[in-house]
Each structure stands twice: as C-alpha cells, then as structure tokens.
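Trainee: Below is the structure I would like to discuss, written out as structure tokens.
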Amino acid sequence: MHLQRTRALLHAIADRLDALTMRPWVGAVLDDHGELSVSERLAVDAPLRRRVLRRVAIGGLGTGLGSNLLIGAEIFVLVLLSYTGGRLTLHTAVSHPAFGDMLVAVLVSIAVSMAAAVALLRPDFRWFLSGAPADAARRRSVGQIPVRQVSADLLGWLFGFAVYALLAGGDGRFLVIVGGAFALSAVTSCSLTYLIAEAAARPLAVLAMRGTSEPRVVHGVRERMIVVWIVSSAVPMVGLIAINFGRRLDWLPSASGPVDWAAVVLALVALGSSLAVVRLVGRAIADPLTEMREVIESAADGDLSRRVAVYDSSELGVLQNGLNDMLDGLTERERIRSLFAKHVGHRVAELAIAGMDEMSGTNTEVAVIFVDLTGSTSFAAQRDPRETAMVLNVFFSVVAKVVQEHEGLINKFEGDASLIIFGAPQPLADPAGTALRAARELGEALGEAVPLEWGMGVSYGRVFAGNIGAANRYEYTVIGDSVNEAARLSDRAKEGVAPIYASGSALAAAPADEAQQWQSVERVRLRGRPEETQVYVPAALARRPAPPTLGSVLGELMKLPAWRLR
C-alpha cells in the first residue's frame with residue numbers, strides 16, 4: 001500500500017513538472033473535445049492558427065536555441081578542461097588562446113543554425129497560416145520538418161568548426177581534438193533538435209494529415225530509441241574514450257588532481273542530455289497513447305463522436321489513424337443498426353445481431369392487432385401527394401409510439417395498414433391484456449390525429465413466428481389463424497358499431513380488469529373461418545366518433561415547433 005502511494009506521488013510530481021516546463025510550449029496533448037475536431041478547428045479558425053504558430057515558433061525555436069547555447073558552453077568547458085588537465089578557473093578560461101576563437105565559433109554555429117531553421121520552416125509556416133488543404137507534397141514536407149531542422153543544426157555546427165579552424169589555425173592536433181568535440185556536440189544537439197522539432201510541429205502535422213486515411217511511418221519508434229541511446233550512451237562513452245586515447249597519445253595532459261574533472265563534466269552533460277531526451281521521447285510516446293486511451297474510454301461509455309488528432313510520424317500515427325477508422329466503423333455500425341431496427345423492430349434486430357438470424361421459428365401464443373385506414377386510396381387520388389404523405393406519416397407515427405410504449409412489434413407496414421404483434425419475438429407475461437390496452441390507447445390517439453376512418457382488429461392465439469424467406473433474403477413474420485382473424489375483424493370494424501373489434505379469444509386470455517373495459521356486441525362468421533367469432537368493442541368507443549377534418553389536423557401540425565421552423 002505504501003509503495004502504491006509512493007508511485008502515485010511520483011507520477012503526480014512528474015505530471016506537474018510536465019505542466020510547468022515543456023508542456024505549454026512544445027507538443028502538449030491535442031484533445032478532440034467539442035463539436036469540431038482539432039484539425040477542423042485549425043482549418044477554420046485563423047486566429048487560432050496564428051496563436052498556435054506563435055507557440056510553435058517560441059517553443060520550438062526557443063528551446064532549440066537554449067539547448068544549443070548550453071551545448072556550446074559545455075563544449076567550451078570540456079575542451080579547456082581537457083587541455084588544462086582538469087584545472088579551470090575563470091582566469092585560465094579567459095586567458096586561454098582558444099577562448100575568443102571558441103566563443104566566436106559557437107556563436108556563429110548558433111546563428112547559422114537558427115537562420116537555416118527559420119528559412120526551412122518558412123514555407124510550412126506560410127501554408128499553416130493560410131489554412132489551405134494539404135496535398136501530398138505538403139504532407140511530405142511537414143513530415144520532414146524534424147529532419148530538415150537536424151540539417152539546419154548540423155549546418156550550423158559545421159560552419160562553427162570552419163570558423164574556428166580559420167581563426168585558430170596552428171596546431172593540427174588541437175584542431176583534431178576541437179573537431180572531435182564539435183562532432184560529439186553536434187550529434188547531441190541534432191538528436192535533441194530532432195525530438196524538439198517533432199514535438200513542436202504537431203499542430204502542423206494535425207492540419208496536414210486532415211483528410212488523409214493512410215499515414216506512413218516516416219520516423220518510427222525504433223529511431224527514437226536510437227536517439228535515446230546516442231545521447232545517453234554513445235556520445236558520453238565516445239567522449240570518455242577520446243579523452244583517454246588523447247592522454248595515451250600525449251595529445252592531452254593527464255588529470256592534475258584526484259578528480260578527473262573532464263570526465264565528471266562529461267558525465268554531468270550526459271546525465272542532463274539523457275534526462276532531456278528521455279523526457280521528449282517519453283512525451284512523444286505517452287501523449288498519443290494518453291489521447292487514444294481517453295477516446296477509447298469515451299467510446300466504452302457510449303460516446304462515439306470523439307476522435308484522436310493524427311500527427312505522429314511513427315507507428316503510433318498509424319495506430320491513431322486506425323483507432324479513428326475503427327470508431328468510424330463503429331459509428332456506421334450503430335447507424336445501420338438503428339436503421340435496421342427501424343425497419344424490422346428493435347427486438348428482431350437484436351436477435352439478428354446476436355446471431356439468431358437463421359431461417360427457423362417457433363409456435364407461440366401471441367396477440368395480434370391489425371389496423372387499416374378506410375378510403376386512403378381515393379384520398380391519395382384526390383389530394384396533393386404531400387398531403388397524402390403527411391397523413392400516412394401521422395398515422396404510422398401514432399401507431400409506432402403506442403406500440404413502443406407497450407413493448408409490441410410492428411411486424412409490417414403494408415400500404416395504409418399495420419400488423420402488430422405482442423408476445424414475439426420478445427415474450428410478454430400478458431400479451432392479450434397488453435394488446436387490448438394498446439388497442440384502446442391507439443384508438444383514442446388515431447381518433448384525435450388522423451382525418452380518415454379506420455378499422456382495427458384484435459385477436460389472440462397460437463401462431464408460427466420466425467424468419468421466412470430465401471437464404472439471401474428473409475424476414476421475421478407470423479403465420480396463423482389469429483393473424484387472419486385480426487385482419488377480418490379490422491375489415492368488419494370499418495362498418496361496425498365501433499372502429500375497434502376484438503375477438504372472444506383475446507378477451508378470454510386477458511386479465512379481468514382489462515376484460516371489464518370491453519363489451520360484447522355480436523357473434524359473426526368471419527370470411528374464411530368455419531366457426532362464429534364473439535366480437536367485443538371498447539365500452540368507451542361503443543358509439544363511433546366522427547374523425548377529425550384534414551383542416552383541423554393541418555392546424556394542429558402547424559402549432560408544433562418543427563413545423564413553425566419550416
């Protein structure tokens with residue numbers, strides 16, 4: 001427990017150091033909150049691009065300048081320590097013959113590096129400020145920013161050494177030693193510049209990668225690990241070997257005291273450089289993983305709208321793009337699933353998605369409602385098609401709302417009729433009672449909303465329910481006498497004492513409290529049936545009400561917010 005608390009404290013300290021040092025200036029996690037993604041915000045928001053570019057310039061170029069100044073001071077100290085045997089004071093440093101030449105060389109190196117870096121960055125900066133879409137050439141150019149900055153840095157160190165050689169002249173051995181020191185410093189500086197430039201250029205990479213779905217691995221994770229090895233191991237080890245070989249060849253004096261200060265300073269330089277490069281590489285790997293983890297957690301919570309910004313040039317960039325593609329696929333799957341459910345019903349869709357979509361079925365007890373409009377054919381022939389569509393949409397919307405509230409299944413929309421099932425594929429404790437209650441509520445709702453007469457039949461009995469069709473096209477349906485009886489009752493109700501007719505079998509299977517809401521009106525022999533059917537109607541609808549007029553329906557629709565906005 002104590003160990004866990006200690007680890008948590010160390011992680012908190014590391015996060016705080018990140019926030020106080022490099023994070024606000026170089027890189028930083030690019031989140032994708034809000035309605036617009038990071039790339040979309042950069043594409044449409046010119047002031048944001050200017051602010052981001054200012055941060056990139058100050059952070060990237062400023063950090064590079066600072067690292068070069070430190071490395072320049074380190075190389076100066078190391079060379080003088082090596083030549084004085086570890087004795088170095090301010091007086092000896094200033095009075096050393098190489099002091100002025102080294103100072104000029106380092107300053108020239110830094111100036112050339114910065115000038116070349118700005119010149120190489122200017123085309124990409126101009127493109128970024130314009131917000132124009134990136135073509136393939138621009139994407140390659142943005143991806144090569146770290147490499148070009150390394151070239152600028154290397155050019156500066158070469159110029160610096162050339163200036164020193166011209167100014168110092170003299171002893172060739174001393175020139176070789178200084179050249180070696182410049183080379184090791186250049187390697188360290190270029191390694192840090194590569195990582196700093198890669199982090200600082202993230203916003204440019206985000207905008208450049210916008211709209212592309214196939215990121216390439218330009219600078220892999222392995223290359224970053226090689227940079228870590230170069231800075232933390234290779235450069236200091238080569239430096240120590242060079243100092244010892246120089247002493248063995250009498251090119252350098254031996255250590256003048258019990259402490260080899262040249263080796264100590266080289267070790268301290270290696271520790272500082274290693275810390276910087278490990279932090280940069282760690283951030284380069286951790287930031288994309290952090291963003292992806294947050295987006296995955298949001299997706300697990302049901303939010304599929306978030307995406308990660310694609311900017312990394314390594315395998316992590318491919319992973320970022322792959323995660324976005326996966327989320328796009330999940331979003332499309334949910335859209336298709338929702339559309340599928342609208343066509344066949346949520347329960348049927350769930351069974352199909354769960355794998356229970358083979359052509360099979362069961363015999364089960366269900367309640368059936370069949371509701372059909374009267375006179376819709378002549379209405380459609382005489383009215384504007386938009387009016388016809390509006391009336392039918394109102395009719396089916398009312399049906400869908402009531403059926404959903406009672407956990408039924410709209411098995412079919414057939415022209416101006418609807419077949420509704422209670423008890424399959426989702427079992428219900430009381431399918432008959434549920435269907436009768438739904439029929440009464442549906443009757444009241446249709447009577448208020450639809451300007452046409454209609455008939456509704458309710459039946460109950462044993463049917464076959466399952467998937468029927470061919471191997472490549474089938475649908476969920478119910479087949480049985482109860483379905484036919486409900487359709488016949490619907491036809492009968494259109495001319496009966498009430499618009500809703502229910503069979504005696506449905507009332508017999510319903511609980512007593514629901515049965516009391518119905519009254520018997522007649523016994524009839526329905527077409528296609530060998531025996532008579534006892535017919536019941538809702539007590540509240542025993543007398544047929546007059547349907548609303550089309551004008552009243554249009555008037556009510558115009559009061560709705562959705563219609564007022566049109």
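Cβ from N, Cα, C; glycine included.
Heads up, here are the entries from TrEMBL:
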type	residues	note
DOMAIN	283-335	domain 'HAMP'
DOMAIN	367-490	domain 'Guanylate cyclase'
TRANSMEM	56-82	transmembrane segment
TRANSMEM	102-121	transmembrane segment
TRANSMEM	150-168	transmembrane segment
TRANSMEM	174-197	transmembrane segment
TRANSMEM	226-246	transmembrane segment
TRANSMEM	261-282	transmembrane segment
Trainee: Report, as numbers and ranges, every residue of the chain located at least six residues beyond the transmembrane segment (102-121) whose Cβ falls under 8 Å of a Cβ in that stretch; write 'none' if there are none.
Mentor: 61, 64-65, 68-69, 72-73, 75-76, 79, 145, 148-149, 151-153, 155-157, 159-161, 163-164, 167, 178, 182
Trainee: Do any residues of this chain, six or more beyond the ends of the transmembrane segment (174-197), have a C-beta under 8 angstroms from a C-beta of it, and if so which?
Mentor: 26, 60, 63-64, 67-68, 71-72, 74-75, 78-79, 82-83, 98, 102, 105, 145-147, 149-150, 152-154, 157-158, 160-161, 164-165, 168, 224, 227, 230-231, 234-235, 238-239, 242, 246, 251-252, 269, 273, 276-277, 280-281, 284
Trainee: Using DSSP, what's the helix, strand and coil tally for the domain 'HAMP' (283-335)?
Mentor: 39 helix, 0 strand, 14 coil
Trainee: For the domain 'Guanylate cyclase' (367-490), how many residues does DSSP put in helix, in strand and in coil?
Mentor: 57 helix, 43 strand, 24 coil
